[in-house]
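Colleague: The structure is given below, and queries will be raised subsequently.
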Amino acid sequence: MKFTKMHGCGNDYVYVNLFEEKLDDPARVSIYVSDRHFGIGSDGLITIGPSDKADFRMRIYNADGSEAEMCGNGIRCVAKYVYDHKLTDKTEISVETGAGIKYLTLYVEENKVSQVRVDMGEPILTPGDIPVVKADGSAYSDDYRVIDEPISAGNREWHMTCVSMGNPHAVVFVDDVAGFELEKYGPLFENHKMFPKRTNTEFVEILSRNEAKMRVWERGSAETWACGTGTCATVMACILNKKTDNKVLVHLRGGDLTIEYIPETNHVFMTGPATEVFSGEIDII
């Protein structure tokens, strides 16, 4: 199997071009290639193929083989791949994802894509669509918004704000994100009974009205160096809690992303880098 390893702010995936390769069991392949000791080493597998709705279609598989709806860092790398590998010559493209069609603007330097701006669409705040339920398992009303909501995890009470960007996110504000015990608390949120489909969790430190720092525990992949949808959800949570303005520079372990919310259209835009690391071939056992 031919592959290309790419990353967006350190959120790394193995990319397979389905115009050239055939994958019978991508979930199993994702588990195999993601292993950082016995495989290629990545946060998962992303396939790039044809779409009858958009210019391209991407599918995302986590390191545990589960399929994700959307990946913000991954979709920027898809844009770089299709342009740099001459599958398109357009700098405005559309990509079909599990969370709908996304529209991307490619910024090109010396015939290579360096940055990508993604229209991440509208944030989803309806609890049943995220999904998130009450601690007793009952449903929130559709017009309720889970903002600064108490949640018990690890014998502590926290406050979270829940947003979906096509996949579920719980955002928690902390004082010191660098020293936060992510490995301890991340799994407790991911598998909490309030999240019927599990959740991604962002732990966020506010630096100013236009700047924040975050770490992310991803559903199915543990801590990753960056999460594009999570960064968008984080900025929406900051705005909903009146902690920042509508345009925020977010520092992640693997780099920086700029997120802008446009109230007039209710759309979130993400701008950030995409990097190709290397290409190769691997025998899937």
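Easy rule for this one: first residue shown is 1, then count along the chain.
Cβ atoms here come from the backbone N, Cα and C positions, even for glycine.
From Swiss-Prot, here are the annotated features:
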ACT_SITE  C71  active site, proton donor
ACT_SITE  C227  active site, proton acceptor
BINDING   N11, N62, G72, N73, N167, N200, E218, R219, G228, T229  substrate binding site
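Mind mapping these onto the model and telling me what they sit next to?
Modeller: Of all Cβ atoms in the shown protein chains, 32 besides its own fall within 10 Å of the Cβ of C71 (active site, proton donor).
Classification of C227 (active site, proton acceptor) by DSSP places it in coil, neither helical nor stranded. Neighbour count (other Cβ atoms within 10 Å of the Cβ, all protein chains): 35 for C227 (active site, proton acceptor).
Counted within 10 Å of its Cβ, the other Cβ atoms near G72 (substrate binding site) come to 29, all protein chains included.
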Colleague: What is the number of other Cβ atoms found within 10 Å of the Cβ of N167 (substrate binding site)?
Modeller: 27
Colleague: Roughly how many angstrom lie between the C-alpha atoms of N167 (substrate binding site) and C71 (active site, proton donor)?
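Modeller: Approximately 9 Å lies between the Cα of N167 (substrate binding site) and that of C71 (active site, proton donor).
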Colleague: Work out the three-state DSSP category of G72 (substrate binding site).
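Modeller: It is helical.
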Colleague: Taking the residues the record says bind substrate (N11, N62, G72, N73, N167, N200, E218, R219, G228, T229), how far apart in Å are the two Cα atoms that sit farthest from each other?
Modeller: 17
